[in-house]
Amino acid sequence: TPVQATLSSLKMLDVGKWPIFSLCSEEELQLIRQACVFGSAGNEVLYTTVNDEIFVLGTNCCGCLGLGDVQSTIEPRRLDSLSGKKIASFSYGSGPHIVLATTEGEVFTWGHNAYSQLGNGTTNHGLVPCQISTNLSNKQVIEVACGSYHSLVLTSDGEVFAWGYNNSGQVGSGSTVNQPIPRRVTGCLQNKVVVTIACGQMCCMAVVDTGEVYVWGYNGNGQLGLGSSGNQPTPCRVAALQGIRVQRVACGYAHTLVLTDEGQVYAWGANSYGQLGTGNKSNQSYPTPITVEKDRIIEIAACHSTHTSAAKTQGGHVYMWGQCRGQSVILPHLTHFSCTDDVFACFATPAVSWRLLSVEPDDHLTVAESLKREFDNPDTADLKFLVDGKYIYAHKVLLKIRCEHFRSSLEDNEDDIVEMSEFSYPVYRAFLEYLYTDSISLSPEEAVGLLDLATFYRENRLKKLCQQTIKQGICEENAIALLSAAVKYDAQDLEEFCFRFCINHLTVVTQTSGFAEMDHDLLKNFISKASRVGAFKN
């Protein structure tokens with residue numbers, strides 16, 4: 001089943017700190033492989049499952065869930081139009097609009113489109129994902145980024161394309177006219193190979209393979225790092241970073257962070273919430289080195305819709321600064337988190353993802369997972385049990401390790417077939433499977449047979465599991481039969497449970513066939529005990 005596939009091949013994605021995921025069941029959460037929380041209040045989410053299905057949930061502002069309507073949904077709905085597509089990169093704007101790149105390099109957009117930010121040549125909101133191929137048809141897109149109302153993509157050959165709102169030059173075309181379809185950003189970037197991109201509210205950043213940073217767009221808070229506050233309609237190199245090799249860039253609403261190849265962080269731009277981490281609230285129009293701790297920084301985080309910053313050190317420490325739950329934290333503050341994503345889940349306003357949350361496939365199987373796979377495997381087994389004419393395959397060494405009964409019975413036994421007539425096939429198979437998995441999966445009636453076996457083999461933990469299963473399946477019709485079994489196998493906890501159930505449903509239970517056929521001694525004891533607890537009082 002899908003859940004088993006998740007447990008055996010993936011680490012589970014931890015989304016527990018994002019409030020919107022409380023709308024999902026535990027079973028649904030176990031299947032999530034990638035996720036992004038977005039929207040003006042963090043009230044929308046898109047996630048992918050281990051089965052490569054895409055689901056959406058939330059308020060659906062401007063049709064940003066891509067379902068073909070603007071109806072909100074409190075339950076996850078599958079986005080069938082993207083079924084089977086694997087997401088390589090995902091970003092969102094303020095409308096919100098969505099830009100998604102698949103692992104095949106395709107680009108899909110939908111949602112808010114008042115400024116042509118979907119890149120489809122119109123200004124109509126997109127209610128369903130639409131593939132954008134104009135000027136991108138022969139390109140493989142590997143990364144996407146959104147500002148408030150503009151979009152940016154990076155191709156595998158290091159080219160950058162932009163479209164959408166352009167009031168401050170954020171499309172990089174040299175003008176301030178909105179750009180309805182993808183246009184390659186050239187100028188200083190013409191012969192450069194871009195390796196990563198980011199967008200602030202109304203600005204863009206591109207890091208090239210030499211470690212230089214190029215910027216364009218709105219600069220009213222100094223977020224371009226050029227030492228001025230004038231807008232920049234075409235790409236311009238951040239000269240103040242001369243000789244410094246930048247690896248990553250992250251943009252907040254109006255501030256910028258970069259990470260160098262030596263693990264140093266520089267920040268510039270708006271600072272009214274302390275989001276630069278400089279110890280004050282003064283804007284900076286030049287890159288300023290930020291001291292987080294002596295340890296090397298390996299990750300920086302910011303998001304165009306928040307004024308929050310975060311960083312992770314090589315030692316695993318996570319720091320945050322800027323706007324944090326209404327407070328202004330002006331210096332990097334050590335958190336108890338293990339990842340920067342949790343900073344945004346718990347402290348950003350709105351609580352939105354700064355990147356696509358994801359968990360990598362993990363092909364390594366634990367010892368327990370490996371053993372589970374080997375149960376009833378004829379290829380590796382050295383012992384088979386013949387029960388009701390059917391074989392169950394097992395491994396002598398594991399049975400001897402896991403069960404006292406087998407430790408003695410298989411000690412000098414050279415046989416590779418053991419015939420079993422005392423117990424039924426479903427019961428004995430469940431017992432052997434328990435030795436491999438530590439769990440049972442049986443109906444309450446079959447669990448009674450397994451309880452008999454557990455009592456016979458003195459397997460106390462298995463006995464408890466059987467009792468739990470039986471309790472979950474008790475009803476008025478089978479209550480007397482289960483009470484009988486509990487007495488027979490000396491399962492005192494279960495006996496008390498079944499007795500209480502019978503007393504609480506006495507009128508119906510006493511009219512069942514089970515009660516009519518009840519063993520004489522058991523009936524006497526039942527009536528006696530029932531009278532002691534006041535079942536027959538007028």
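Glycine is no exception: its Cβ is also placed from the backbone N, Cα and C atoms.
Straight from TrEMBL, the features:
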DOMAIN    381-444  domain 'BTB'
REPEAT    105-157  repeat 'RCC1'
REPEAT    158-210  repeat 'RCC1'
REPEAT    211-262  repeat 'RCC1'
REPEAT    263-314  repeat 'RCC1'
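A mean pLDDT of 91 is what the model gives for the domain 'BTB' (381-444). When DSSP labels each residue, the repeat 'RCC1' (211-262) comes out as 3 helix, 23 strand, 26 coil, counted as helix, strand and coil in that order. Residue counts for the repeat 'RCC1' (105-157) under DSSP, helix first, then strand, then coil, are 0 helix, 23 strand, 30 coil. DSSP labels the residues of the domain 'BTB' (381-444) in these numbers: 27 helix, 14 strand, 23 coil.
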